[in-house]
Amino acid sequence: MKMLSAIPRQINSRFGSKQGLVKYLYFGVRMLLGNYERFDVKKLGKPHRLVFVCSGNICRSPFAEGVAKKVGYSAISFGLDTRGGDAADARAMAIAEQEGIDLRRHRTTKACDYVPHIGDLIVVMEPKHFGLYKKLKLDIPVTLLGLYGPKSLPYIQDPYSASEAYFARCQKIILHKTTKLIEYVSQ
């Protein structure tokens with residue numbers, strides 16, 4: 001019985017929530033069926049700038065932007081559902097600081113304030129963002145951050161409402177996947 005009571009805690013720390021687990025499985029199956037192969041950026045050439053996109057632009061995308069900038073890659077970020085002008089989440093700032101990344105000056109950017117540049121690559125965190133991105137009617141290549149590295153992960157759950165354990169896990173995933181994306185596009 002004790003083992004059964006630990007299952008919800010394990011789900012929350014690994015996937016963020018029960019819904020996060022379901023989405024992880026659903027999008028994982030879609031990936032196995034080849035639904036995300038078209039988002040391989042190798043055939044596009046090396047992007048000049050990475051544009052990280054998530055929902056609120058306070059947790060995932062600013063951290064990915066910071067990781068890219070730390071290794072000298074041009075990067076920005078914006079949110080598909082943000083009011084703009086807000087600081088990064090305090091937990092994201094703390095984890096970023098541990099990695100030598102300063103997010104104290106970050107302010108959220110709305111999608112409508114994004115100014116495209118030639119050579120941009122849009123990098124989204126989850127498949128849902130594709131649909132929201134399409135509404136912007138931009139003709140810029142797009143990919144999923146989680147597709148890069150040895151273990152593809154098409155869905156990176158928003159950690160905003162999740163446990164501290166999942167928040168830290170999510171940022172670790174973003175650190176790894178951003179590094180792998182940069183290695184991939186730099187080859």
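For all residues, glycine too, the Cβ spot is worked out from N, Cα and C.
Keep in mind that this is a model prediction, so the values were computed, not measured.
For 48-184, the entry in TrEMBL reads domain 'Phosphotyrosine protein phosphatase I'.
If you draw a 10 Å sphere around the CB of CYS54 (active site, nucleophile), it holds 29 other CB atoms from the protein chains shown. The active site, nucleophile annotation in TrEMBL covers CYS54.
Counted within 10 Å of its Cβ, the other Cβ atoms near ARG60 (active site) come to 30, all protein chains included. For ARG60, the entry in TrEMBL reads active site.
The annotation active site, proton donor is assigned in TrEMBL to ASP158. A simple way to gauge crowding: the CB of ASP158 (active site, proton donor) has 19 other CB atoms within 10 angstroms, across all the protein chains here.
Separating the Cα atoms of ARG60 (active site) and ASP158 (active site, proton donor) is a whole-number distance of 7 Å. Summarised by DSSP class, the composition of the domain 'Phosphotyrosine protein phosphatase I' (48-184) is 54 helix, 22 strand, 61 coil.
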